[in-house]
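First up is the structure itself, then whatever we jot down about it.
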Amino acid sequence: MTMKMMVHIYFVSLSLLLLLFHSYAIDIENEITEFFNKMRDTLPAKDSKWLNPACMFGGTMNDMATLGEPFSAKCPPIEDSLLSHRYKDYVVKWERLEKNRRRQVSNKRVKHGDLWIANYTSKFSNRRYLCTVTTKNGDCVQGIVRSHIKKPPSCIPKTYELGTHDKYGIDLYCGILYAKHYNNITWYKDNKEINIDDIKYSQTGKELIIHNPELEDSGRYDCYVHYDDVRIKNDIVVSRCKILTVIPSQDHRFKLILDPKINVTIGEPANITCTAVSTSLLIDDVLIEWENPSGWLIGFDFDVYSVLTSRGGITEATLYFENVTEEYIGNTYKCRGHNYYFEKTLTTTVVLE
């Protein structure tokens, strides 16, 4: 075979491969469109009657909001991973849907193309908004957004053990719901503002990093998120807090306890508990897993399942048999307890009483 023929065959093969790939990509896009068309068909009449038949439907979104805080929502097709790649250069129009009419949302409630409510109150709960995305080519896609009230979080506890990740520091996350439109975040420890000096403290987005951890880093950490709004002279401020407890390096050894036999009766339920007792009662870092005779992990399934509990340095995984049959007799199940440092296994066998 000459070089010329080999080159010709190569390009023919490449062309066929590209053709097949293009055909496959078209099939995928058609399936995505069909999926959202079916979703449109399942909408209640109070929603579907407002949709433009010339536009594709891009889904619905139910977003959570906290009273007295900013609320933000993207148009569903812009956020959906199946559709977002289709729309790169577009404008978004927002409308509020009422019983017998729809009203355009004012500019003060739109920020960077997203629905934006600076101070969310109960009157906004369960309101419906229709968004229409229109590209420069004239293609359009619509989505529907609803919002529901979420109870504001309390102070979240966090425990850090010295020696675990000292190289990377302790990271504290400011758990605000809508962070994409904030202006800046300031952090406080025990009511005193933290100086972000990139030595002891550094800040990356919504995270505060505490370098060279020590016991004295324990305390209450508050993050204050500042938002800008054209209607309000002063910033809107939202806060979250963490209670950090730094503990000395612990002994991560543990004892695994399991009866070597499960005494059962045919036709009745049975259970057995595998227990891990940590040397240090300050931490619960042991994970227990059950394996069936074939070596597969047992989860929360029918017939035979496992339930995990943990408290005060003691971790338990109970293996339940809903209805013992003869096929279980003689089976051996493995309990595996492990943490980052150690791993232990014990077995138990099903026997008739």
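Any Cβ shown, glycine's included, is placed from N, Cα and C.
Taken from Swiss-Prot, the feature signal peptide covers 1-21, and the record attributes it to sequence analysis.
According to Swiss-Prot, the domain 'Ig-like C2-type 1' annotation covers 67-139.
Sequence-distant neighbours of Cys131 (disulfide bond) (same chain, 6+ apart, CB under 8 A from its CB) are Cys75, Pro76, Val92, Lys93, Trp94, Glu95, Leu115, Gln142, Gly143, Ile144, Val145. The disulfide bond feature in Swiss-Prot is assigned to Cys75-Cys131 (among others); the stated evidence is sequence analysis.
For Asn119 (N-linked glycosylation site), the number of other Cβ atoms no farther than 10 Å from its own Cβ, over all displayed protein chains, is 15. The N-linked glycosylation site annotation in Swiss-Prot covers Asn119 (among others) and rests on sequence analysis.
Among the features that Swiss-Prot reports, domain 'Ig-like C2-type 2' is placed at 157-239.
The Cβ of Cys174 (disulfide bond) has 24 neighbouring Cβ atoms from other residues within 10 Å, across all protein chains displayed. According to DSSP, Cys174 (disulfide bond) sits in a coil region rather than a helix or strand. Positions annotated as disulfide bond by Swiss-Prot: Cys174-Cys223 (among others).
Feature annotation from Swiss-Prot assigns N-linked glycosylation site to Asn184 (among others); the stated evidence is sequence analysis. Around the Cβ of Asn184 (N-linked glycosylation site), 11 further Cβ atoms fall within 10 Å across all displayed protein chains. In three-state terms derived from DSSP, Asn184 (N-linked glycosylation site) belongs to an extended strand segment.
The domain 'Ig-like V-type' annotation in Swiss-Prot covers 248-347.
Sequence-distant neighbours of Asn263 (N-linked glycosylation site) (same chain, 6+ apart, CB under 8 A from its CB) are Ala270, Val351, Leu352, Glu353. In three-state terms derived from DSSP, Asn263 (N-linked glycosylation site) belongs to an extended strand segment. Among the features that Swiss-Prot reports, N-linked glycosylation site is placed at Asn263 (among others).
Its Cβ taken as reference, Asn271 (N-linked glycosylation site) is surrounded by 14 other Cβ atoms within 10 Å in the chains shown. Under the heading N-linked glycosylation site, Swiss-Prot lists Asn271 (among others).
Marked as disulfide bond by Swiss-Prot on the basis of sequence analysis: Cys274-Cys335 (among others). Of all Cβ atoms in the shown protein chains, 24 besides its own fall within 10 Å of the Cβ of Cys335 (disulfide bond). Cys335 (disulfide bond) falls within a strand segment according to DSSP.
In the three-state DSSP assignment, the secondary structure recorded for Asn323 (N-linked glycosylation site) is coil. Listed in sequence order, Gly267, Glu268, Pro269, Asp303 are the same-chain residues six or more apart from Asn323 (N-linked glycosylation site) with CB atoms under 8 A from its CB. Marked as N-linked glycosylation site by Swiss-Prot: Asn323 (among others).
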Collapsed DSSP category at Cys274 (disulfide bond): strand
DSSP state at Cys131 (disulfide bond), helix/strand/coil: strand
Packing count at Cys223 (disulfide bond) (other Cβ atoms within 10 Å of its Cβ): 23
Entry from the disulfide-bonded residues list Cys75, Cys274 having the most other CB atoms no farther than 10 A: Cys75
